[in-house]
């Protein structure tokens, strides 16, 4: 319940622009947000493994 209210709160335009923070649009996670992909690291990893994110490959050496 608290997570849903935080997601709704993050979608609203804040009173001051510095109060705005990034949140994953898929799962609502506030931490480990990657601006380049606009999602959290966990969602990015899941989508990259399924091949839904172009240009991302699993590294191996």
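Glycine is treated like the rest: Cβ placed from N, Cα and C.
The annotation Zn(2+) binding site is assigned in Swiss-Prot to 24, 27, 40, 43.
In this structure, residue 40 (Zn(2+) binding site) is part of a beta strand by DSSP. In this view, residue 43 (Zn(2+) binding site) is surrounded by 21 other Cβ atoms within 10 Å of its Cβ, with every protein chain counted. Those same-chain residues not listed among 24, 27, 40, 43 yet with C-beta within 8 angstroms of the centroid of the Zn(2+) site C-beta atoms are 25, 26, 28, 29, 33, 39, 41, 42, 44.
According to DSSP, residue 27 (Zn(2+) binding site) sits in a coil region rather than a helix or strand. Sequence-distant neighbours of residue 24 (Zn(2+) binding site) (same chain, 6+ residues apart, CB-CB distance under 8 A): 30, 33, 39, 40, 43. Within the group of binding-site residues (27, 40), the Cβ with the highest number of other Cβ atoms inside 10 Å belongs to 40.
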